[in-house]
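Below you'll find the structure, written out as structure tokens, and then a few comments.
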Amino acid sequence: MALTSQSLFFSPLAAGPSRRVRGRGRSTSVSAAASASSHNSQPHGHPQQPLAVASSSSKSESKGSKTFALASAITAAASGAFLLASSGGGFGGGAGGPLGGGGGGWGAGGGGGGGGGGGGGGFWSRIFSGGAAHADEKSSGDWDPHGLPANINVPMTKLSGLKRYKISELKFFDRAAGGGGAFTGPEDSFFEMVTLQPGGVYTKSQLLKELETLVSCGMFERVDLEGKAKPDGTLGLTVSFVESVWSAAKQFKCINVGLMSQSGQVDFDQDMTEREKMDYLRKQERDYQQRVRGAKPCILPDNVRGEVLGMMKKQEKVSARLLQRIRDHVQKWYHNEGFVCAQVVNFGNLNTSEVVCEVVEGDITKVEYQFQDKLGNFVEGNTQIPIIDRELPQQLRPGHIFNIGAGKQALKNINSLALFSNIEVNPRPDETKEGGIVVEIKLKELEPKSAEVSTEWSIVPGREGRPTLASIQPGGTVSFEHRNIYGLNRSIVGSVTSSNLLNPQDDLSFKLEYVHPYLDGVDDRNKNRTFKTSCFNTRKLSPVFVAGPNMDEAPPVWVDRVGFKANITESFTRQSKFTYGLVVEEITTRDETNSICTHGSRAMPSGGLSMDGPPTTLSGTGIDRMAFLQANITRDNTEFVNGAVIGDRCIFQLDQGLGIGSKNPFFNRHQLTLTKFVNLNKQEKGAGKPLPAVLVLHGHYAGCVGDLPSYDAFTLGGPYSVRGYGMGELGASRNVLEVASELRIPVRNTYVYGFVEHGTDLGSSKDVKGNPTEFFRRVGHGSSYGLGVKLGLVRGEYIVDHNAGTGTVFFRFGERF
């Protein structure tokens, strides 16, 4: 009786007695073993542990096979160098080759039985499970000579059960090759199916178990293991085989069987009558076809299916080697796309026109959160789960297939909360739902309250320019933070700073800020708005009132701002956000004696000071009060490619005066900044890959319509404006335009770069009250060019001031763009 269809099942079974099923009108001993992927998809350095693959019709043997397949995949992935640090945390999981086997086998022959046999399991699972034969590690250097005449063939049954045999040679002999048979080379995928290794030491029972595994795995029509006595006392082994072959197929179907329940099994009784056997096989056929119809289609794209069909058309019949190549090809696509838990667990409908490839894709069934203390003990966390859960990408939620890219994104998103010192995202098999994946997220929370004190010392020159003991001034900053209030990621941050703690009233500055995220509720994931309010007192040196390059140094003017700010930030995407709010502040201008300063001043040739400079405030009294609306739109698509910033960034800011305050100020200030980082050599992103060559293009425009106090005029010159000039050295104006270009060339894991920059006031300096650009003899425009090198966080640059034609060396911290 010929069978209409057959199936190959791959289960994580240890080698055991071979099972025989009736197929093709004869009794067939089915056996198969799995090979590692030939596409380098297995994690580097991961040991290829053996998995036995056997045919079975027992439901008990098939139960849990899909869970085992996923466990094997996750184990291999976790050992595959895909541990991603995130604030000290890591991401368990990675890509591997055929990451274990098992899973999904169901019937005895799957609707036709025979040939491929039965119970659930994994065709390739022997790579990661306990294998049939392992070298005795304790006695690997202590083995027994065979004690037989040299160069005679020795059946395994004739070996002594008391000896440990050293294997010096392993060969494969294909009986069907070339008509009379031929030895195959290491490139043959069958080489990877055995666990025996030359140089290993094995007992007779281990060798017999290896043979039984090969016999029972379904890959061979016939297989035998024979030894040859070597003169040095070792054994050479030859595996002679005839691979299994099925009829030609013209169609290929891929289904996801990950969460499908196991079918009820009925043992195939060899004592059945012919009619009972026929009824049994028909029932298996109906059950399997119903299973195929009820399965979800796999996510394998059409072009990969077409490639598999092309592989099938090149061969007249479906062979075990062809199925290995199909398995490798399918799993390679899954693993390359980040679906590291996907496993090919079965090929069904063999001996028909359509081959069915069953895949356990790694469906996520649930997400679990675990909090740990500093010692790794599980504790009750302070952070509310919805705060973390809303940061998970959609692809990492139940109902989706586990993907390592989604795991990386989850790490990045959760880390952006700044609530945890350690984050781990680990997939594991679901023990309650066979074939499912549980995403396990382990978190270590930061201390909610913290305080910090930092000190600094400054020396003020005394008489005759020499410092004295009394001129030493202690300064410092006291800061505190209470984060994650009520577990809702709300926080209060404060700091107090003074450069002279002996007389802190001279320059005491402070900031107190409250942040309230999820303004529309934690559960509303369609909106992400954060409310922030702060009160502040700051002091900065104004670059508006500085002397030009051909003047003596002008007396400095300090700008104090004390006020209140409240705004709402709405995140449209992780790259785009919109901030809008209200600012109320009092601005006071002071001279170096801390007295209120109403006008700028400059040194006269006589040594005196000219006090008729531009007014420092809009009111002319040295004190302004105003309220204005402020909005900011940021679109940042930059990313790090091997340590270099690539992408584009756009920032638009608008300040709108309300006519409230000193002299009823009404104005519109606007700024637009565009920066693009171009990957010139299209360097791909990846660990260990070199830095890309980068071209930076930058432009900045700012303008003001309406009332414009001098302290808010736009200045030209400085390390973040036009390099090579001092802060404000080129001018202060109502409108400015800056353009810059920088070419970065990677040299030994750092950058050497050249740049050119230009800035102009567009002729608007005269429109600033008192014209500080003219008063301080500045030109209103300037260019520079130079070369630089990055030394860690420091930029060393040689810059030519194009206005004066002189060059200067600068060292700066941070980035220009």
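From the backbone N, Cα and C atoms, a Cβ is placed for every residue, glycine too.
For 1-31, 32-135, the entry in Swiss-Prot reads transit peptide. The annotation region 'Disordered' is assigned in Swiss-Prot to 14-59. Annotation source Swiss-Prot lists compositional bias 'Low complexity' at 26-38. Feature annotation from Swiss-Prot assigns topological domain 'Chloroplast intermembrane' to 136-147, 262-364, 426-434, 586-692, 723-784, 814-817 (among others); the stated evidence is sequence analysis. Sequence annotations record features per position, and here Swiss-Prot assigns transmembrane segment to 148-156, 165-173, 255-261, 365-372, 435-443, 450-459, 472-480, 508-516, 578-585, 693-701, 714-722, 785-791 (among others). Summarising the annotation, Swiss-Prot assigns topological domain 'Cytoplasmic' to 242-254, 373-417, 444-449, 570-577, 702-713, 792-805 (among others).
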### Query
Same chain, outside the transmembrane segment (255-261) by at least 6, Cβ under 8 Å from its Cβ: which residues?
66, 103-104, 291-292, 294-299, 345-346, 356-363, 365, 433-436
### Summary
For the topological domain 'Cytoplasmic' (242-254), the distant same-chain contacts (Cβ-Cβ under 8 Å, at least six residues beyond its ends) come to 6, 30, 32, 115, 174-176, 190, 218-223, 292, 297-298, 300, 305, 308-309, 312-313, 315-321, 326, 330, 349-357, 359
#### Entry: Secondary structure composition of the topological domain 'Cytoplasmic' (792-805) [DSSP: H/G/I, E/B, coil]
0 helix, 8 strand, 6 coil
### Query
For the topological domain 'Chloroplast intermembrane' (586-692), what are the DSSP-based totals of helix, strand and coil residues?
0 helix, 60 strand, 47 coil
### Message
Counting by DSSP secondary structure, give me helix, strand and coil numbers for the topological domain 'Cytoplasmic' (570-577).
### Response
0 helix, 4 strand, 4 coil
### Query
Which bits of the chain, at least 6 residues beyond where the topological domain 'Cytoplasmic' (702-713) starts or stops, bring a Cβ under 8 A of a Cβ in it?
542, 544-545, 559, 587, 589, 600, 614-618, 624, 657, 663, 665-672, 732-736, 764, 767-770, 772
